[in-house]
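Student: Sending over a structure as structure tokens; questions will come in a sec.
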Ligand SMILES: Nc1nc2c(ncn2[C@@H]2O[C@H](COP(=O)(O)OP(=O)(O)OP(=O)(O)O)[C@@H](O)[C@H]2O)c(=O)[nH]1
């Protein structure tokens with residue numbers, strides 16, 4: 001073809017006809033409109049003009065994409081596909097260039113080398129060919145930049161199009177995929193993913209796995225060991241990429257330098273046996289030190305408080321008891337720096353004293369012993385010391401290193417000494433933090449407040465917390481809206497070891513949850529949501545795991561049914577009380593299993609957990625949010641809302657009774673004596689009877705007893721009174737009875753009639 005019309009050429013170059021007309025006019029080629037014919041010479045000139053410009057246009061596109069931020073995603077995707085495309089082109093181009101300049105990855109290089117031979121052949125074949133245009137299709141694609149080639153082929157429109165348009169499929173045999181030298185993975189790979197990475201067919205991998213004794217399907221996840229095993233079979237190195245989980249607080253580096261650190265107040269927990277005076281001691285310390293200095297301050301119970309003595313602060317956790325201490329530790333929170341072990345001087349070491357010692361020791365927290373109730377006549381501090389030595393708490397006076405302070409919490413005696421000792425231990429411990437960084441710490445308490453929403457007491461352990469800080473607390477997030485200290489005063493900042501009550505979170509976190517401040521709210525939200533999702537998944541996994549284990553237990557224990565319950569309450573205390581009461585319900589054969597307890601409204605995640613584990617949700621003084629309601633309807637989850645614990649217990653108890661398979665009991669309804677028998681052909685033996693006790697009914701089950709031995713048990717075939725069928729015959733009457741498929745009836749036998757009755761559980 002020697003000539004073509006303007007619009008044809010425009011179409012070929014993917015430009016407007018007008019552009020072609022303009023260009024031609026600039027070249028002094030006379031054209032009038034898009035239908036005008038252009039000759040070979042003009043086409044050549046146009047080709048020259050368009051070839052370089054095309055690549056420029058591409059460049060321009062790229063730049064434009066980068067400039068336009070709204071296109072970010074698109075650009076990334078395009079770049080992705082471009083990358084892929086580039087890889088493909090490179091592989092095919094490689095034989096020609098074969099310098100690996102644009103692709104440095106090993107596998108690609110290998111592929112280059114391997115492909116080198118056939119491609120060279122194809123190239124040389126082309127060189128031998130006098131008319132390259134005729135064999136144009138055989139050339140590896142990517143020729144569009146070769147203007148020479150294009151020019152020489154200008155009379156072959158199809159060829160030209162192939163070369164100019166998308167990469168033409170190379171007719172040369174598809175190069176066999178090359179096994180890479182090294183593959184990378186993170187966490188795990190499925191069989192098909194591994195096959196792809198190794199450039200093998202999945203079936204081949206499955207066969208290899210079979211040979212190793214692993215029966216795997218194509219979508220099965222393989223662990224590191226198996227991946228390594230398979231890869232080593234192909235001499236491929238495996239590298240595991242560790243993906244840093246941004247949702248884990250531990251993954252955030254704590255790069256405080258020594259010079260950034262300054263002394264922080266100690267955080268003290270008081271533990272001891274019941275009634276040994278923990279609460280009185282806490283109050284006593286607070287009263288002597290707080291109210292005195294902060295006259296007029298209305299003390300607030302926010303779960304922790306601070307006192308100041310000689311310019312030095314001490315933070316006390318206001319939640320005495322081992323439960324709080326251990327719950328926090330169980331959640332990975334180490335908040336206590338010093339433990340005060342209260343032992344009543346008149347009572348000595350008791351079981352919970354020992355428990356407290358063990359908790360403190362396990363947490364490696366130094367112990368100060370406060371020997372309390374010294375005002376009592378029966379006080380015997382020496383005995384306390386003596387008993388504690390058995391638990392490796394040896395007083396300094398006796399050559400040990402445990403500080404003992406004698407106090408009377410009720411009289412406020414010895415409190416100053418105790419505080420002095422706390423300061424001393426704190427000094428030895430060199431407790432430090434960096435106040436000039438974003439805050440992190442632990443939740444001491446959290447609850448849902450009717451007016452204020454989620455309220456959490458946070459203990460700042462490092463950094464300084466400010467009003468307005470974007471924060472992630474456990475699996476919740478938000479912005480610190482307001483901060484109130486232990487005196488009920490609004491504060492704007494809270495430094496290390498300070499307890500503050502904050503509002504502004506989207507949900508209620510749990511005691512012991514960690515918190516962390518982030519630079520912006522978006523990030524906080526992202527991380528908070530991701531953490532919540534992660535926790536939900538973990539919970540779901542946990543529940544299915546538990547169910548499996550329970551299944552096993554059920555088999556062992558003999559068909560025990562259980563009722564799965566999720567409790568959401570307005571305060572942690574109610575949730576725990578309810579959980580405790582429900583677990584105490586005693587219905588034989590059924591157990592209550594508390595899957596989850598939490599504080600706050602019933603959320604969608606609760607419903608999903610319930611749905612996944614077939615649980616009932618109990619809302620105590622809380623209600624489901626709208627999302628939760630919708631999901632509950634969709635998932636058909638039973639949500640019960642209550643305000644009185646007793647009602648909940650009653651409801652669950654009856655549910656538990658209803659759940660049981662009905663239990664039947666045999667109830668004897670009558671006795672019948674056989675006085676004579678008749679043999680009737682086709683009917684069998686008819687017993688002529690007399691009902692001696694109760695009655696016999698047509699549908700009762702009967703036992704034929706001879707000399708005290710049951711010789712038949714079954715149904716009545718016919719019950720007759722004289723010649724008529726009877727429904728029932730009562731004591732004192734005669735009747736005729738035939739038994740189902742049983743004729744060996746003898747005079748003197750006794751028929752016992754009974755029914756099975758369902759027993760109502762008490
Ligand atoms: N005589 C005397 N009585 C005390 C002293 N300290 C506490 N008590 C009394 O001991 C009892 C128990 O005190 P709490 O402070 O409630 O003891 P607790 O260890 O907090 O008790 P639980 O909270 O039940 O574990 C109360 O009747 C107090 O008044 C003291 O120093 N001297």
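Placed from the backbone N, Cα and C atoms, the Cβ positions cover glycine too.
Per TrEMBL, GTP binding site is recorded for 272-279, 318-322, 372-375. The compositional bias 'Basic and acidic residues' annotation in TrEMBL covers 75-96. Sequence annotations record features per position, and here TrEMBL assigns compositional bias 'Polar residues' to 98-131. The compositional bias 'Low complexity' feature in TrEMBL is assigned to 137-169. Annotation source TrEMBL lists domain 'Tr-type G' at 263-432. For 47-182, the entry in TrEMBL reads region 'Disordered'.
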Student: Around residue 272 (GTP binding site), how many other CB atoms lie within 10 A of its CB?
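Tutor: Summing over all protein chains shown, residue 272 (GTP binding site) has 28 other Cβ atoms within 10 Å.
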Student: Once the DSSP letters are reduced so that anything not helix or strand counts as coil, what is residue 278 (GTP binding site)?
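Tutor: Once the DSSP labels are grouped into three classes, residue 278 (GTP binding site) ends up as helix.
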Student: With H, G and I counted as helix, E and B as strand and the rest as coil, say where DSSP puts residue 272 (GTP binding site).
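Tutor: DSSP assigns residue 272 (GTP binding site) to strand.
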Student: Ranking the binding-site residues 275, 278, 374 by other Cβ atoms within 10 Å, which is at the bottom?
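Tutor: Counting other Cβ atoms within 10 Å of each of the binding-site residues 275, 278, 374 gives the minimum at 275.
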Student: Given 275, 278, 374 as the binding-site residues, which ones have a Cβ positioned under 6 Å from some atom of ligand 1?
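Tutor: Near ligand 1, sequence order: 275, 278.
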Student: The domain 'Tr-type G' (263-432): mean pLDDT?
Tutor: 85
Student: What does DSSP say about residue 374 (GTP binding site): helix, strand or coil?
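Tutor: Where residue 374 (GTP binding site) sits, the three-state DSSP reduction gives coil.
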